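Enquirer: Pulled from Swiss-Prot, these are the listed features:
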type	residues	note
DOMAIN	5-122	domain 'Response regulatory'
MOD_RES	Asp56	4-aspartylphosphate
DOMAIN	163-352	domain 'CheB-type methylesterase'
ACT_SITE	Ser171	active site
ACT_SITE	His198	active site
ACT_SITE	Asp294	active site
Amino acid sequence: MRKVRAIVIDDSAFMRKIISDILDNDPRIEVVAVARNGEDGLNKVIQLSPDVVTLDVHMPKMDGMQALQRIMNEHPVPVVMLSSVTKAGAEKTIQAISNGAVDFIMKPSGSISLDIRNVEDEIRKKVILASTVRVKSTQEASEEDFQSTRTVPTINREKKYRRSIVSIGTSTGGPKALQKVLTELPKDIQAPIVIVQHMPPGFTKSLADRLNSICAISVKEAVHGEILQSGTAYIAPGGFHMQVENVGMSLAIALDKSPPLKGHRPSVNKLFSSLQHIKNYNKITCILTGMGNDGTDGLQQLRLNEGSTISLAESADTAIVYGMPKAAVNAGLIDYEMSLHEIPSLIVKQLT
């Protein structure tokens, strides 16, 4: 079986050595080169054409952000960013994902993370997963935005209620998918949007802030007890489950720190299943790119107990990881499976 060929780019000799050891200890992975800065790394990527690259965010000479941009322009390969848990690190990481990185790994204790082995299983898992992703150059990705998409199917299902709520679940590749969907929704959209994106604490705030700066709608990290408003998207904070509950005639956010569900907190299952208790609302659920099957069980509960749900899933054509959508499709829970570019217009169509 062919090994996954990886390049490790980090300015710390200690981090290069330990990350290389972590990867080389997996029989499925071979580290073919290491690099101490972005410029050296770019040259080795062009020379060796690896299957995947791990890239530190903060480096001298050419930092991780500049290196990522050059790699995606000149020799696109899947990139996994390594980031610190600081606010600046989170902001840079979200920017990197938006600029083409496939995923990120959080260093437990800063740039030189002596306890990096605490996340060694995550490093191997994400590197192997990233190696299967087909990445596009920056030019290809921007051109794709303007390509025509397949005709959206006509839905022969009338709205049962006057009010609606949109819910979205996503994981790997989610920040870029959310950017595509949310930036195409109009400011006056007649529904609140609740979102679970698998992400650690700190990073969801940076994601919400970035999306808010480029979307017509408002985007914010959800706060416990706040009343949902149309035209606003609420992203579950990392480390908290998010549910929706009735408060009088309104809907409100409920956050809790109950144990992770199947390894996830926030959990898409938890969000979707909470919607079965919301009466007199049309519900539009979307499952976007992501690894695993989070969302399927919750959607099943929702559809068993609520007849006013329309379910969408991102197709394999555009999903960076076709795991979560595929699980829901295979369970027979999805009404419409479509490319990412078709989803915003269908959401709007269902709300008008």
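Each Cβ is built from the backbone N, Cα and C atoms, and glycine gets one as well.
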Enquirer: Run through the domain 'Response regulatory' (5-122) and tell me, per DSSP, how many residues are helix, strand and coil.
Expert: 53 helix, 26 strand, 39 coil
Enquirer: What's the CA to CA span in angstrom from Ser171 (active site) over to His198 (active site)?
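Expert: For Ser171 (active site) versus His198 (active site), the Cα atoms are 5 Å apart.
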Enquirer: How many neighbouring Cβ atoms, not counting its own, are there within 10 Å of the Cβ of Asp56 (4-aspartylphosphate)?
Expert: 27
Enquirer: In whole Å, how far is Asp56 (4-aspartylphosphate) from Asp294 (active site) when you measure between their Cα atoms?
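Expert: Answer for this pair: 29 Å between alpha carbons.
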Enquirer: Taking the Cβ of His198 (active site) as reference, which residues of that chain separated by at least 6 in sequence fall under 8 Å from it?
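Expert: Set apart from His198 (active site) by at least 6 residues yet with Cβ under 8 Å, we have Thr170, Ser171, Thr172, Gly174, His264, Pro266, Gly290, Asp294.
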Enquirer: Can you count the other CB atoms that lie within 10 A of the CB of Asp294 (active site)?
Expert: 29
